[in-house]
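Novice: I have a structure here, written as structure tokens, and I will follow up with some questions on it.
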Amino acid sequence: MSGLQIVAFLSGLAGLGATLGATVSNEWRATSRASSVITATWVLQGLWNNCAGNAIGALHCRPHHTIFQLAGYIQACRGLMIAAVCLGFFGSVFALVGMKCTKIGGTDKNKARITCFAGVAFILSGLCSLSACSLYAQRITSEFFDPMFVAQKYELGAALFIGWAGSVLCILGGCMLCFSIADSCTKSNSQVSYIYKGAASHSHISSPRGQAKSVNQRPPPDYSSSSRIQHFDKNAYV
């Protein structure tokens, strides 16, 4: 199971890197070329910056000036992505400590608990990233296909696909980490049942010996009364 834990750790670490890259990226959405009259320039928007580029390669970005005037879904996506990065970081640290191939973490039981916690952290990280990217993509698609929306329409950016890929890797890594401790739990349960069966068989075998010992220690019969009767019968015959 150590090989499975290594693969799960690498998967979660790659998912964390993809999540972090999607969080800081400015390509969450890009202007649609179909609805734009001037195709030589385009606009990119992310969670933190708005960028404008042109065909000659110039790109100018400026951060969002205020937080309170941002749309609610952008603030929700910010919080979810920050939570995903934090959970992925703690999941990576605890996975490194709880793996069987490392010498830290204490006993096997403690390492199994740490590994389970790391798996849960990776799964939660993937769910947060998946929720943020899906929420942002749903807003883009709803505006794009809304005939009453007359403002600039946008398409899905590359950061959304990176975030989805990172969330899938984190969820897979967390599931593999949780599955890797099933072997340890099975071995501990088998050891407990073996000890219980051994104790039961030992008591079953030792009980006849105790009975035999009690039979052997039975006091010898008293023949004094029968001998007295026999002696009385002889005297009466005489």
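Every residue gets a Cβ built from N, Cα and C, even glycine.
Just so it is clear, the model here is predicted, and its values are computed rather than measured.
What TrEMBL records for 1-21 is signal peptide. Per TrEMBL, transmembrane segment is recorded for 80-102, 114-137, 157-182. The feature region 'Disordered' is assigned by TrEMBL to 204-227.
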Novice: For the transmembrane segment (157-182), what are the same-chain contacts with Cβ under 8 Å, counting residues 6+ beyond its ends?
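Specialist: Tertiary neighbours of the transmembrane segment (157-182) are 1, 4-5, 7-19, 21-23, 25-30, 44-46, 81, 84, 88, 91, 95, 98, 112, 115-116, 118-130, 132-133, 136-137.
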Novice: So what's near the signal peptide (1-21) in sequence-distant terms, Cβ-Cβ under 8 Å and 6+ beyond its ends?
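Specialist: The answer is 81, 84-85, 88-89, 91-92, 95-96, 99-101, 115, 118-119, 122, 125-126, 129, 159, 162-163, 165-177, 179-181, 183-184.
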